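According to TrEMBL, the features are:
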ACT_SITE  Glu307  active site, proton donor
ACT_SITE  Asp440  active site
ACT_SITE  Glu547  active site, proton donor
ACT_SITE  Glu575  active site
BINDING   Thr664  Ca(2+) binding site
COMPBIAS  156-176  compositional bias 'Basic and acidic residues'
DISULFID  Cys504-Cys533  disulfide bond
REGION    120-176  region 'Disordered'
TRANSMEM  45-65  transmembrane segment
Amino acid sequence: MYSPQRKDFVSLTLGDQHNRSYTNGKHRRQSCWRKWKQLSRLQRSLILFLLAFLFICGILSYSSLSEQWRGLSDRSLKEDWVEMENRGLRPIPPGLVPKLPPGVVPGVQDVPPEVLPELQRPSIPILPKPPAMQRKPPSKRGPPALQKRGNVSDWQVKDREEPEPELKREDDGGKEARTVISWRGAMIEAEQGTELQPTAHGKEGTVADAEGATNLEPVTVKPVDRVEAVREAFRHAWKGYKAFAWGHDELKPLSKTHAEWFGLGLTLIDALDTMWILGLKDEFAEARKWVETELSFSKNVDVNLFESTIRILGGLLSTYHLSGDTLFLEKAKDIGSRLMPAFKTPSKIPYSDVNIGKGTAHPPRWTTDSTVAEVTSIQLEFRELSRLTQDPQYQNAVEEVTRQVHRLEGKRDGLVPMFINTNSGKFTRRGAFTLGARADSYYEYLLKQWLQGGKKETELLEDYLQAVEGVKKNLLRQTSPSKLTFVGELSNGRLNPKMDHLVCFLPGALALGAHNGLPADHMDLALQLMETCHQMYAQMETGLSPEIAHFNLQYQSGRDIDVKPADRHNLLRPETVESLFYMYRFTNDSRYRDWGWDILQSFNKHTRVPSGGYTSIGNVRDPLNPAPRDKMESFFLGETLKYLFLLFSEDTELLSLDKYVFNTEAHPLPIWPSAS
């Protein structure tokens with residue numbers, strides 16, 4: 001571009017003789033505009049940006065200062081007046097000095113004369129704030145470094161200074177309104193308050209404190225009935241199932257519908273013995289009626305051998321033993337006989353799937369393998385069915401599987417691979433060893449079959465003891481920095497520091513073995529692993545464990561437990577509360593009850609759905625939006641709530657562990673009388 005031509009002359013403007021003011025302002029403005037236009041586009045942009053930035057900073061600083069001044073002003077005037085009025089005091093106007101009779105102490109009446117000198121010392125009384133002014137206590141979730149020590153219950157009255165925009169209030173039939181958290185259309189109830197907030201003295205508040213009464217005499221507050229809280233949780237879950245999924249396998253509480261797996265009413269059958277144990281007679285009666293009139297196994301449907309055995313067969317056998325009602329035994333015979341075609345394989349290792357209507361069985365479509373856990377965790381149920389029916393075919397079939405696995409090569413110090421081939425009867429994919437999915441209940445059933453049969457089957461005990469030593473040698477590690485003991489996974493000789501939540505059955509199993517005379521160091525290991533499983537809950541922001549946890553072995557890092565995004569879901573699983581139940585029964589240590597109570601409160605806070613039921617969630621690290629998955633697994637009623645009830649029950653003879661053994665779905669079966 002060419003530069004503009006320069007003009008070689010001088011401009012002179014003469015003013016009017018009657019106008020004495022200076023009139024060159026217009027030319028000055030024109031000169032400034034000309035200089036502005038001579039700047040490059042980049043220079044002009046930088047100047048405009050700087051001016052805009054200064055303008056924004058000025059606005060922000062003004063609003064911040066105004067809020068601070070307003071806060072100081074409000075605090076110094078309004079809040080001081082309100083606080084003194086709540087204390088029953090009035091401010092003294094300036095210049096006025098109150099006169100008191102001799103020997104009278106302000107605020108003290110009917111005080112003996114000998115106490116007055118002590119009271120007349122200068123002091124500032126510390127009184128609790130009225131409920132409307134109490135501040136919400138900080139959350140205790142997160143890593144241990146951010147937590148306060150102690151097991152303080154979160155089940156407390158929540159006093160809020162003002163309602164939050166994302167909270168709604170729901171009236172509960174005339175009772176105190178409950179806070180409801182909304183997640184994009186899904187309504188989840190917050191935890192229900194039953195305890196009083198701490199006062200300014202750090203002690204538990206009384207009813208008089210909460211109501212602002214002048215009477216300061218302590219009023220006894222009834223402690224929370226934890227057993228009744230479990231009953232209430234069960235009734236709430238049952239309410240949703242009955243309303244939206246009656247007779248179907250699983251409840252979808254958010255969409256208020258159901259999901260089918262086998263079409264056999266899994267949730268209802270899984271919950272039968274739980275209702276009996278909890279004393280819910282009306283609910284049990286209506287469920288029994290459905291079993292009598294609606295439950296039929298003559299359906300053209302494929303079922304999984306393992307799942308249908310532990311949930312349906314185990315649930316029916318357990319309910320028969322508890323109630324004495326032969327209806328459930330007859331149904332158990334029916335389903336047991338329909339599952340037998342699974343054992344018709346070249347190796348006698350059963351197929352994974354059975355069509356209970358056609359009487360045929362087959363492996364999964366993608367493989368001829370079955371998982372080791374599936375074929376070795378059906379023995380308790382089929383052995384008990386043979387004992388009750390005097391028909392040995394069921395026991396013979398499952399014990400043949402046990403004998404073959406006992407003799408198989410491919411184990412590593414008692415640890416078994418995850419897969420076994422139904423044609424060859426041999427282990428496949430031998431490089432991986434875990435106590436998590438696909439292998440977990442193999443170890444559990446070694447111990448429990450030995451107990452069920454009266455501690456006579458030495459091969460079962462030998463395999464169990466060898467496996468525990470294999471865990472210690474190959475899978476056991478400690479985290480940094482807190483020295484949490486965990487059970488990792490071995491893959492082709494390399495340890496992977498991850499542990500499924502499923503592995504949290506192990507502390508309970510180890511404690512059960514130690515209770516029955518096995519080495520004392522089993523109990524030592526149980527105590528360590530129980531702490532780790534507790535931390536898998538306590539270190540999560542929701543107070544709920546992820547499906548899989550990864551553990552830190554590096555000394556530089558400050559966090560023991562990490563969770564990958566794909567593993568952050570919680571399915572309402574029972575394994576940790578199962579072990580808490582065993583640990584409390586054998587140690588009588590109340591902290592295990594407290595840990596179970598924390599878990600129940602977290603379920604109520606993050607998974608409870610107002611219309612009925614509980615939902616699994618997708619992210620235990622996000623308490624504001626834990627991503628509900630709209631599914632309530634049948635084991636939440638069949639296992640989780642049952643173990644919580646037994647944990648809190650004061651009746652230690654209720655399902656005595658010297659008389660019953662629980663299958664892997666928490667259905668209690670009797671230890672054989674002939675063995676005692």
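Including glycine, each Cβ sits where the backbone N, Cα and C put it.
Between the CA atoms of Glu307 (active site, proton donor) and Glu547 (active site, proton donor) there is a gap of 19 Å. Listed recorded positions near Cys533 (disulfide bond): Glu575 (candidates Asp440, Glu547, Glu575, Thr664; Cα-Cα distance within 10 Å).
Taking the Cα atom of each, Glu547 (active site, proton donor) and Cys504 (disulfide bond) are about 11 angstrom apart. A distance of 10 Å separates the Cα atom of the residue listed as 'Ca(2+) binding site' from that of Glu575 (active site). Other Cβ atoms within 10 Å of the Cβ of Glu575 (active site), summed over all protein chains shown, number 24. When the alpha carbons of Glu575 (active site) and Cys504 (disulfide bond) are compared, the span between them is 5 angstrom. A C-beta separation below 8 Å, combined with a sequence spacing of at least six in one chain, links Asp440 (active site) to Ala373, Thr434, Asp500, Leu502, Val503, Phe505.
For Glu547 (active site, proton donor), the count of additional Cβ atoms within 10 Å of its Cβ stands at 19 [all protein chains shown].
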